[in-house]
Structure formats: C-alpha cells, structure tokens
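Per TrEMBL, these features apply:
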type     : residues : note
COMPBIAS : 8-19     : compositional bias 'Low complexity'
COMPBIAS : 236-249  : compositional bias 'Polar residues'
COMPBIAS : 265-276  : compositional bias 'Basic and acidic residues'
DOMAIN   : 46-377   : domain 'G-protein coupled receptors family 1 profile'
REGION   : 1-21     : region 'Disordered'
REGION   : 235-285  : region 'Disordered'
TRANSMEM : 33-55    : transmembrane segment
TRANSMEM : 67-86    : transmembrane segment
TRANSMEM : 106-127  : transmembrane segment
TRANSMEM : 147-169  : transmembrane segment
TRANSMEM : 202-224  : transmembrane segment
TRANSMEM : 319-343  : transmembrane segment
TRANSMEM : 363-381  : transmembrane segment
Amino acid sequence: MANATVHNTTTASQSNNTSEYTLEPPASWTSTAVFYLVVLILGLLGNGPTLLVLLTDQRLRTTPFNLYVANLLSANLFDLLTQYVMSVIAERQPGHWYMGNAACTLYQYCQGLISGVQLQTHAVIALNRAWAILYPVSYRSWHTTRFACLACAGIWIYAVMWFAFAPILDDLVNRKDIRKEGCMSDYIADPRRLLWSRMVDLLYNFITIACVLLSFALVSVKLYRQLRERQRRHQGTVQLASGGATASNAPAGDRTHSKSPTSRAKGDERTTHGGIDDGTLATVGEDDHGEDLVATCSREGQQGPRLVARLNRSAIRKYILLTILTCSVAVFYCPALFFYVFYDFIPNFMDQPGVGKLFQAAWMTWPCQLVVDPILFALTLDPLRQAMRRILAKILRQGPHPGRVQPGG
C-alpha cells in the first residue's frame, strides 16, 4: 500500500523581509520513486503472466482454489496500474500532487479498497488451506466452483462496505491542498473519520491477520499431533518385531497384508476419510489439479501405502503454501498495520523523534507483497508451475531456427 506523505517545501525570505516565496523542487528520481518503479515493473512481470496462465489453461481455470489466486492477482494488477503508477509520478516531486482531485480520490480508493481486498484474499486462502487439512471430507463436499465464486464476490462486497465512502468524505471535508501538501487527508482532526479509521484497524485489518495466524496455528497443532501418533505407532511396531512376532513366521491367516479385498478397501476408506489408523497424515481433498485424489488413485490402481503417500504429499503441499503465506503476511503487512494503529490511537505519534523514518520504512514493506505473491503460488502450486513450464517450452521451441540448406543449392 503506497502512502503519500507530506514533504516540506523550501521556504526563503528576502533580506528586506518584505516578501516570502516558496521554492518548489524540480521533478527528480527520488529513492522512493525508484522503489515504486521497481515494484511496478516486477509486479507487472510477475502478476500478469501468472494470471494469464491461470485464465488460459482449462485445467487450472476450472479448479475452485485457483479462483482465489486469480482474484488476488487481478487486484494486484489493478493496484499496480493505478495506485503505483500515480505513486511513481507523485514521488518524483514529493509533497505535491498535480494530477487533480479525481486522481487523488482514485488513489485513496486503491489505498483502502484494493488493499483491503488483497488482505482479505490472503486470509481466505489461508482459511481455505486450513479447511482442506482440518476437515477434508466437508472440504471435498462443499468447496465447489460456485462456492469459490461466492467467496470472491463476498471479499469485494465486504471491502466496499468498509472503504467505499471514506475517500469521498475526505475529498469533501478533510483533504488538504493537494498542490502544496500532496494527496493527503487530515482525518485525525475529524472525530468521526478518526473513529472509522480505528474501527478499520481493529475490526478489519487485525481480524484478518488473526485469521491467517490462527489458521496456521491450528493446522500446525493437528499435523504435530498426527506426527507424534505416527511415531508412537512406529515405535510399537518396532517393539513387536523385536519380541519375535514377525510377519514372516506368523500364520498366513494372521498376516495383516493378507486381508480380503473387501476388508482392505474398508481399511483404505477409513484412512482416506481422515482416520489415523496407521498414524498417517493423510487427508482427502483436491490436489490443486481440480481432481479428487481418491478417485484419481483408484483409477490408477493405487491402494494402501501408495494412496496414503499421495494423500500425505497433498496435505504437505497445502501446509507449505499456508506456511509461506503466513510468513509473507507477517513480514510485509504487519509492520504497516501496527504503525497505522499507533498513528490512530497515540496522539502526536508522528511527532516523536525518528518515528517518521520508521513509519516510511514500515510502509515500504507493503508493496513487496505484490512482487512475492506470484512467486509464492508458482513455487507451491505444482500444476501452475508445470503449466508455466509448458508455455515457456512452447515459446522456446517457436524461436528462430537457422535456415536449412536446400539440396542442389
């Protein structure tokens, strides 16, 4: 979330003290403008192609989970093409805004509405991964394309409910002189606007962050308990084997792997429906290909250990995505959100020594999430990565080829 800040203009007085004039600095490539330009370029190069692959690949396009990813990447692209383009222009002449009030209102809309959609989508993705791991049966039953579409629509509606009218109110009441102080609003002086900002801090931003952290914590606890259960069962098996009760000298009718096909199928069914009869981490759900793992494994003749192993890999992939997502949200979003709380709740917070520079540094972490998002999904979603490889290989094959020598030439 780019943040337009108030920069001091250079003021000089003539020696006779009869007049005072203000020197406006010429446009130049400040460090902030260069930073936003780098974010803009890298963000477009990452979010654009990734979204294009999701929308053009039929298999990826029909997977419900990928709708959340497409929603996030679309919001990122809109933010880059509006807010960050204006940020690059504005930061070349800090403290001034020459694009008009309408552009300032659009800028503040993106600062609130689009950034809120981005934050909420990260939370929904985290909750989705937790749902797939903690309650795999209900996830497989309820998580459809229609459900994902409604969830994405709900994200936008919820964000509009919070952020639709604040920029208009700022334009009418609280906005400063944009040509002298930039695209800024003095909402601290308005008690109603300040109350709304505090409600956003507590009821929107921090509840969203709490959902991400809570999802990661609950999934981590469950997987840790299942891992401990697996270790205990493995130790019990080793103790039985050391006592001489091996499968090789046991009667044929007592061997566990000699069960009838019916009983073996029932055992597999218990495992795939969330049981831990063998101490596994297996879960049921989509493997991000849009296909049910159990049905896929059944068609391929995979039963027993092979089925459990594939289900475990699916759960691990979901957990890795949830872990990286949680870390990125904590690193890139939390510093800015915490400073926003301090600014809204502590009087004269920005007047404290050194706080202004720390505030700017915290805001610089927010745009980094725009660059990280496509990399995150490309690394953790195998089907997306494979589709990108296929497209890249196709492009390379269609490159220029040296001309062939014709016979008799």
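Cβ atoms here come from the backbone N, Cα and C positions, even for glycine.
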Intrachain neighbours beyond the transmembrane segment (363-381), with Cβ under 8 angstroms and 6 or more residues off its ends: 1-3, 35-36, 39, 42-43, 46-47, 49-50, 66, 69, 72-73, 76, 79-80, 84, 115, 118, 288, 317, 320-321, 324-325, 328-329, 331-333, 335-336, 339, 388
How about long-range neighbours of the transmembrane segment (106-127): same chain, 6 or more residues beyond its ends, C-beta under 8 Å? 1-4, 68-69, 71-72, 75-76, 78-79, 82-83, 86-87, 151-152, 155-156, 158-160, 162-164, 166-167, 170, 183, 185, 204-205, 208-209, 211-212, 215-216, 321-322, 325-326, 329, 333, 366, 369
Please give the sequence-distant neighbours of the transmembrane segment (202-224): residues at least 6 beyond its ends with Cβ less than 8 Å from one of its Cβ atoms. 116, 119-120, 122-123, 126-127, 129-130, 133-134, 162, 281, 315, 319, 322-323, 325-326, 329-330, 333-334, 337, 340-341
